[in-house]
Amino acid sequence: MRESFLDTIQHHFGHDPVWILVVGDLMLDRYLFGDVQRISPEAPVPVVLLKSQDERAGGAANVAANLAGLGIKTRIAGVIGQDAEAETLLGLMHDIGADTQHIHCSACRPTITKTRILGGHQQMMRLDQEDAAALSAEEQLALQTAIAAALTDRPAAIILSDYAKGVLSETLCQSIIAQATASGIPVLVDPKGRDYSKYHGATGLTPNKRETAEACHVAPHDDQALLAAAEQLRHTLKLDFLAVTRGEEGITVLDRQGSAHLAATARQVYDVSGAGDTVIATLTAGLAHGLPLHDAIELANIAAGIVVGKVGTVPINKAELEQELQSQQSAAQADKVCNLDSLLARVQNWRHQGERIVFTNGCFDLLHAGHVTYLEAARNTGDRLVLGLNTDRSVSALKGPSRPVIHEQDRARVLAALESVDAVILFDEDTPIDLINAIRPDVIAKGSDYTEDQVVGGAEVKSWGGKVALIDVVPGRSTSNIIRKLAS
């Protein structure tokens with residue numbers, strides 16, 4: 001299962017000519033970060049000393065950001081104001097490569113902006129700037145015209161991201177669903193409100209547990225009644241599926257074959273903001289690239305488990321999803337054997353934790369005690385050891401046609417089992433200089449049979465403040481000696 005997910009992400013996300021249209025309530029999320037050390041003398045409220053601020057895509061714009069993070073071409077349709085916040089939001093969308101030509105800029109309403117004030121990681125207050133009234137006839141016509149133009153280019157799928165802020169009226173939803181159905185384009189909806197009739201005929205809905213309970217008029221804690229009512233809702237709305245997101249409990253999917261539940265990946269939850277956006281974006285991306293429904297939902301479940309471990313509205317990205325899938329694929333090997341994107345995501349995470357990155361490289365054919373001792377010593381020069389491993393082709397080029405004895409995947413698997421090794425990446429080039437420049441390690445480790453000026457990447461690592469560490473080799477221990485002994 002994980003292999004098919006990885007294949008889809010690595011070879012299709014961002015490579016296939018697939019694009020997805022997102023329609024809905026576009027928002028700007030603004031975060032003001034500070035520290036709280038005292039209470040105001042003017043009123044019994046905390047004083048937040050502002051340290052930094054950040055602006056991120058929110059609402060339907062965050063759905064687009066998640067798609068872009070997965071490498072999916074994205075177009076956005078919605079309504080924003082003609083204000084500074086609109087310029088900021090458009091800039092964020094342009095930065096991620098999203099197509100904004102179908103966004104209508106209205107002089108009659110502000111850009112929806114949610115400003116959150118945080119002391120440490122604790123949200124103290126949220127300030128909302130919005131006009132949630134229904135669109136005017138002029139705004140509605142402008143948006144419908146823009147969406148019709150987008151549909152002529154046949155998106156692989158359409159996402160309706162409804163935050164009940166006036167954009168997705170029943171008229172607009174039914175118009176989009178009818179046009180999409182006639183063209184064989186799936187429509188997935190992240191719904192809002194108590195009346196889901198405006199989504200009638202959509203492909204699928206992804207409400208959370210509370211939203212499902214409200215729409216079905218049942219108690220959220222009564223699972224049996226909730227699922228029965230949800231299935232009736234699916235049937236009434238003529239949906240292919242209804243996927244109920246349940247936070248730390250995972251996702252329950254109801255379709256024509258019945259119901260199934262996917263448990264969430266256990267992890268610490270910091271912030272659920274935007275998790276629903278990640279679910280519908282990843283689910284739609286998976287379906288658009290040919291994954292079966294339950295596989296696409298499982299992939300979305302994994303992606304949501306990643307983003308809830310972050311503070312604020314932060315979209316998923318392809319590299320960290322690949323890393324998580326590799327981690328789940330095998331506790332021993334795939335957790336450590338990386339491609340470059342996954343490795344860079346992991347290195348970035350280590351750096352954020354203040355850890356020093358050590359890099360070493362070699363063939364490591366017929367692993368022996370000398371190798372193990374060397375790798376332990378290399379790891380001790382920093383906090384994390386990344387091992388660049390020569391592919392079979394490059395080993396043959398260096399050592400001759402009779403080498404390597406052990407296949408590259410087997411060598412990687414054995415090295416990944418060592419506690420001293422934190423990541424293994426194969427490289428096919430004559431030297432690892434491109435890999436070194438990408439990783440930018442703090443330390444390059446090499447055997448003491450080299451001099452510093454002979455170490456590939458030594459000058460580069462010194463140029464960014466790192467160092468070269470020469471590790472004593474164990475006398476008499478080498479793969480060549482082992483091969484000669486076996487031959488005799």
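Placed from the backbone N, Cα and C atoms, the Cβ positions cover glycine too.
Taken from Swiss-Prot, the feature region 'Ribokinase' covers 1-332. Positions annotated as ATP binding site by Swiss-Prot, on the basis of sequence analysis: Asn208, Lys209, Arg210, Glu211. Feature annotation from Swiss-Prot assigns active site to Asp277. The region 'Cytidylyltransferase' annotation in Swiss-Prot covers 359-488.
Shown here: features listed in Swiss-Prot, placed on the structure.
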residue : record           : Cβ contacts under 8 Å, 6 or more apart
Asn208  : ATP binding site : Val244, Thr245, Arg246, Gly247, Gly276
Lys209  : ATP binding site : Pro220, Leu226, Val244, Thr245, Arg246, Gly247, Glu249
Arg210  : ATP binding site : Pro220
Glu211  : ATP binding site : Pro191, Lys192
Asp277  : active site      : Gly59, Asn62, Val63, Ala65, Asn66, Ser161, Asp190, Thr313, Pro315
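Close to the recorded ATP site, the chain also has Pro207, Thr212, Ala213, Glu214, Pro220, Val244, Thr245, Arg246: residues not among Asn208, Lys209, Arg210, Glu211 whose Cβ is within 8 Å of the site's Cβ mean position. Across the region 'Cytidylyltransferase' (359-488), the DSSP tally of helix, strand and coil residues reads 53 helix, 26 strand, 51 coil. Summarising model confidence by region, the region 'Ribokinase' (1-332) averages a pLDDT of 90.
Secondary structure from DSSP puts Asn208 (ATP binding site) in a beta strand.
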